[in-house]
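Q: So Swiss-Prot lists the following for this protein:
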type	residues	note
SIGNAL	1-20	signal peptide
DOMAIN	21-135	domain 'I-type lysozyme'
DISULFID	C26-C102	disulfide bond
DISULFID	C31-C37	disulfide bond
ACT_SITE	E34	active site, proton donor
DISULFID	C42-C51	disulfide bond
ACT_SITE	D45	active site, nucleophile
BINDING	K57, E58, N59, Y60, W61, E62, D63, Y88, H109, N110, G111	substrate binding site
DISULFID	C64-C84	disulfide bond
DISULFID	C74-C80	disulfide bond
DISULFID	C98-C116	disulfide bond
Amino acid sequence: MQRLLGSIVILATVFTFCEATISSACLRCICNVESGCRPIGCHYDVYSYSCGYFQIKENYWEDCGKPGTSFKACANDYTCASNCVRAYMKRYIGSSGCPANCESYARIHNGGPRGCRHPSTLRYWEKVHQQGCNVNS
């Protein structure tokens, strides 16, 4: 019985860790960096278009599960775009090798699935941090 309870505690801990999600505060800081948190449309940026509140690229939208009616429509709708970012983070934080915190989420948003491990995303994190977020936001 004690062994069974120990297994349940371990499974609950693993489940909780895997279910970590990006906070609304962290989302807002990323949104502020990307667009001033406005639906600014699409701009050509690094070989493809980046659109909307979070300047989402089409492959990012595909990775988050293609919510909404289209890539551009979702990116320019705050609720849809936020849900896309949440789904993207949920998909990749566990395999990134980084802790589930605002810094990791921001760096993954900027640098892709393992962006939290790339030194090139530290500058982006500083911009997010300047919006009032910290690692634990």
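Any Cβ shown, glycine's included, is placed from N, Cα and C.
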Q: If you measure from the Cα of C102 (disulfide bond), which of the recorded positions C31, C37, D45, N59 is the nearest?
A: C31
Q: Rounded to whole angstrom, what's the largest C-alpha distance between any two of K57, E58, N59, Y60, W61, E62, D63, Y88, H109, N110, G111, listed as binding substrate?
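A: The substrate-binding residues span at most 16 Å between Cα atoms.
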Q: Please name which of the recorded positions listed here, E34, W61, D63, is nearest in space to C74 (disulfide bond), Cα against Cα.
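A: Comparing Cα positions, the candidate nearest C74 (disulfide bond) turns out to be W61.
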Q: Please list residues from the chain of C84 (disulfide bond) whose Cβ is under 8 angstroms from its Cβ, counting only those at least six apart in sequence.
A: F54, I56, Y60, W61, C64, G65, P67, G68, C74, A75
Q: So among the disulfide-bonded residues C26, C37, C42, C74, who's got the most Cβ atoms within 10 Å?
A: C26
Q: Starting from the Cβ of C116 (disulfide bond), draw a 10 Å sphere and report how many other Cβ atoms land inside it.
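A: Its Cβ has 25 other Cβ atoms within 10 Å.
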Q: Taking the Cβ of D63 (substrate binding site) as reference, which residues of that chain separated by at least 6 in sequence fall under 8 Å from it?
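A: Long-range Cβ contacts: Y88, R91, Y92, P113.
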Q: Secondary structure at C37 (disulfide bond) (DSSP, helix/strand/coil)?
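A: Assignment for C37 (disulfide bond) reads coil.
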Q: I need the CA-to-CA distance for C31 (disulfide bond) versus G111 (substrate binding site), whole Å please.
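A: With the alpha carbons as reference points, the distance is 15 Å.
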Q: Three states by DSSP: which one describes C98 (disulfide bond)?
A: coil
Q: Where's the emptiest Cβ shell within 10 Å among the binding-site residues K57, H109?
A: K57
